[in-house]
C-alpha cells in the first residue's frame with residue numbers, strides 16, 4: 001500500500017507535503033517556465049532562481065528534487081508575504097493543505113472546527129458500550145475520514161467496530177456475527193473508505209445487500225462518512241432505470257452499493273468493470289446466501305481478482321454460510337459477538353388475542369404506549385394494506401410499504417418515515433433487514449412470524465445502537481406453538497403483557 005495514502009495532504013508523508021511526489025501539478029518543465037516568468041515580475045525573490053540544467057545526466061534526479069524543493073519553499077514564502085508576515089523569516093518545507101468545506105484538515109485543532117451533531121444523551125446498553133476503550137484515531141485513518149466519522153455523530157467505536165476495523169485494514173477476510181443495531185454498517189464502511197485510492201478511477205469496493213431500501217441506506221452512510229473525501233459512491237438496485245445506471249458507470253465510481261442481480265447484470269454487459277475491485281462486502285450475508293441470491297453472488301465473485309478480500313456480516317449464520325465460507329474464505333478472521341441473540345435493551349411481551357380482536361388490541365396499545373415511531377409487521381401484502389387503512393380510520397397517522405409497490409413509491413415512503421413524517425409504518429418482512437431508524441422504539445408483530453430468524457430481525461428494528469425498545473406480539477391460538485419454539489431457539493423470554501407497561505423500559 002502506498003504510504004502516502006495513509007495521510008491527508010499536508011500531513012506527514014501525505015501527497016500535499018512531500019516534495020518528492022512528482023505526479024503532482026503540471027509537468028516539471030512547465031513549472032520551470034512558469035517559475036521563470038514569475039521571477040521577472042518579482043525581483044525580490046531572486047534568491048530562489050533555479051540552477052541551469054547540468055550536462056551530466058547522473059545529476060538529473062538530484063536536480064529535479066532540488067527544483068521541486070525550491071518550488072515548495074518559494075510557494076510558502078509568497079503565501080506568508082500575502083498574509084503580512086516577516087519576509088525574512090525562514091520558510092517551512094511543508095505546505096498547508098486547502099480547507100475542506102471551510103475546515104483546514106491539516107490544522108492541529110481540526111476537531112474543534114467540526115460541525116458536530118447534538119450529543120445523544122439516551123441510555124445505551126452494553127451491546128454497544130462494552131468496548132475496549134479504543135478511539136477512532138487509534139486506527140491511523142485518513143484525517144478527512146475521521147472528520148466525516150465525528151460529524152456523523154460517532155464518538156468511539158462500538159464492539160463490532162473495534163473488532164473488525166483493524167482486521168479489515170490488514171486485508172484479511174472476515175466472517176463477523178453481531179446483533180442487529182450494534183454498528184455493523186460503519187464497521188465495514190470505514191475500512192472500505194480508508195482503503196480506496198481516490199486517484200484511481202475504478203470500482204475498488206462492492207457492497208452487496210439483499211434489499212433496495214438497505215442499499216439506499218448503506219450508500220447514504222458511505223456518502224456521509226466520506227463527505228470530506230473525493231470518493232464517488234453509486235447505488236444500483238433492481239426496479240430502477242438500467243439506462244441511468246449505465247450512464248452513471250461511464251463516470252468515475254469508486255464504491256458500488258447494490259443488490260446482487262442488478263450488479264451482475266451490469267457486469268455481464270461489460271459496463272461494470274470489477275477487475276480492480278479488491279474488496280467485496282456482504283451485508284446480511286445469510287440472506288444473500290439464500291437460494292434467491294446465492295447463484296448471483298457466486299457468479300459475481302468470478303469477475304473479481306483472485307486477491308480480493310471478502311467481508312461477511314450478519315446476525316445469523318445458517319449452514320449455507322459455512323459451505324460458502326469453506327469455498328471462498330479459506331482462512332477468515334472470525335468475529336462472534338453473539339453471547340445471546342436478542343438485543344439487551346429490547347423488552348418482549350405477548351398478548352393472547354382472537355383474530356377478530358387484533359385491531360381493537362392495536363388501538364389499545366396505541367393509546368397506552370409512549371410511541372416515538374413504531375413498525376407493525378404483517379405476514380402478507382393484502383393484510384398490510386387492509387391494516388394500514390384500519391389504522392388511518394382509527395385516527396392515527398400511518399404509512400405502509402411492501403414488495404409489490406413501485407420502487408419510486410417505496411423510496412418515498414422509506415424516506416418520509418425515516419424523516420419523521422409519520423409515526424407508524426405497516427409492512428411485510430421486506431423491512432426487517434438492516435433498516436436503521438433510530439427513532440423507532442416500538443415493534444408490534446400484528447401477525448406472529450413463522451421462524452426464529454424472522455422474529456429476530458423484526459424485533460431488531462427497535463432498540464437501535466444500544467437504545468431501549470419494546471416488542472409486542474399479538475398471539476392467536478394457532479401461534480402458541482410457534483411462540484414456545486422461538487423462545488427455545490433464541491434462548492430468550494417473551495413475557496405476558498402486563499396491564500401497565502413502565503415507560504422506563506423502552507423510552508429512557
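Cβ coordinates are placed from backbone N, Cα and C, and glycine is handled just like the others.
So that you can see what the record holds, here are the features copied from Swiss-Prot:
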BINDING   178, 179, 180, 181, 182, 183, 184, 185  ATP binding site
COMPBIAS  18-53  compositional bias 'Low complexity'
REGION    1-123  region 'Disordered'
MOTIF     134-162  motif 'Q motif'
MOTIF     283-286  motif 'DEAD box'
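Structure coloured by features recorded in Swiss-Prot.
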residue	record	Cβ neighbours (10 Å)
178	ATP binding site	23
179	ATP binding site	25
182	ATP binding site	22
183	ATP binding site	23
184	ATP binding site	25
185	ATP binding site	24
What kind of secondary structure is residue 184 (ATP binding site) part of, going by DSSP in three states?
-> helix
Across the motif 'Q motif' (134-162), what is the average pLDDT of the model, as a whole number?
-> 88
How many of the residues that make up the motif 'Q motif' (134-162) does DSSP mark as helix, as strand and as coil?
-> 17 helix, 0 strand, 12 coil
